[in-house]
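A.B. asks: For reference, the structure I am asking about is given below.
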Amino acid sequence: MALFGSNDVTTAHSDYEIVLEGGSSSWGKVKARAKVNAPPASPLLPADCDVKLNVKPLDPAKGFVRISAVFESIVDSTKNKLTIEADIANETKERRISVGEGMVSVGDFSHTFSFEGSVVNLFYYRSDAVRRNVPNPIYMQGRQFHDILMKVPLDNNDLIDTWEGTVKAIGSTGAFNDWIRDFWFIGPAFTALNEGGQRISRIEVNGLNTESGPKGPVGVSRWRFSHGGSGMVDSISRWAELFPSDKLNRPAQVEAGFRSDSQGIEVKVDGEFPGVSVDAGGGLRRILNHPLIPLVHHGMVGKFNNFNVDAQLKVVLPKGYKIRYAAPQYRSQNLEEYRWSGGAYARWVEHVCKGGVGQFEILYAQ
């Protein structure tokens, strides 16, 4: 392993497959597999997580979509599950609103909740670099300001006691917001973002009260914070570009799995996306840069000595189509199937995994 001063070798394996639709369709299927032998970077406990995400268009012209997500994990033999369904719409060019509900369960405990909130963006990105599909560090959407209202039914004594204790804690100390920032998940995230130059503000609890509901008391909280969405690098923006709401004329879906143990980390992703290719003019279409090895690109930006990459990419074009330009150049071709591995492609992947940038572009046509 090559993180945090270790002298061991890190080996990252990745295998990507992109299958494109014909005509002017921007849709495509993406299959990704990544495996890294990174014991020191793994959690102390084995983790097993599955994610299912469905995005359904309600009014694509207005960016109105419904997202359904299920997250299931097993950590230290305890099964956890989070189910969420939310409707998201663009209220203005800078403001998105969302309303949803969900359920969380940990072991034998389960509970429902509802939420509504908004995100305000200072600016959106639409740079020429993104359109050209050149993997430079592209900023996403600028700084984002969140205003979230949470409602949790207090339908048992344990929850009521916990809620009353939380209300009392906020009323008796001014450091409660610091506690949220430092000890909740936002703590590690806050540190990581700051070290990467992506400034975020602490989470502030602006409201915490109890209301009466049809079945009893309801705990209501309002959370406000901002984060540096502008600090996201190109690999993340590629994932976002795979979901353009104006192209979402049918449901999109993703199934993913994450496994970690003492031997390393493994990720599997299978998805059908509406934004795998874009019109490049002159009868050409451009394949969006396949999301760079997620674990390697984001999990390996540390101090490492030895680092090996074993990466492959397969692109399957619609029947009758050909690649007109590719950088890095593909290694082999069989009819509409093209493959990349080794050589310039491997050097490009390793360069990106170490924090560098470089050209990746595929143009195809009939």
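Backbone N, Cα and C define each Cβ position, glycine as well.
Quick caveat, the model's predicted, so the values are computed rather than measured.
Copied straight from Swiss-Prot:
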BINDING   H111  bacteriochlorophyll a 1 binding site
BINDING   H146  bacteriochlorophyll a 6 binding site
BINDING   H290  bacteriochlorophyll a 4 binding site
BINDING   H297  bacteriochlorophyll a 7 binding site
BINDING   H298  bacteriochlorophyll a 3 binding site
A.B. asks: Quick check: in three-state DSSP terms, what is H146 (bacteriochlorophyll a 6 binding site)?
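C.D. replies: Strand, per DSSP.
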A.B. asks: Sorry to bug you, but what's the C-alpha spacing from the residue listed as 'bacteriochlorophyll a 1 binding site' to H146 (bacteriochlorophyll a 6 binding site), rounded to the closest Å?
C.D. replies: 24
A.B. asks: So how many other Cβ atoms are close to H146 (bacteriochlorophyll a 6 binding site), meaning within 10 Å of its Cβ?
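C.D. replies: Other Cβ atoms within 10 Å of H146 (bacteriochlorophyll a 6 binding site): 15.
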A.B. asks: Near the residue listed as 'bacteriochlorophyll a 1 binding site', how many other Cβ atoms are within 10 Å of its Cβ?
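C.D. replies: Counting Cβ neighbours of the residue listed as 'bacteriochlorophyll a 1 binding site' within 10 Å gives 15.
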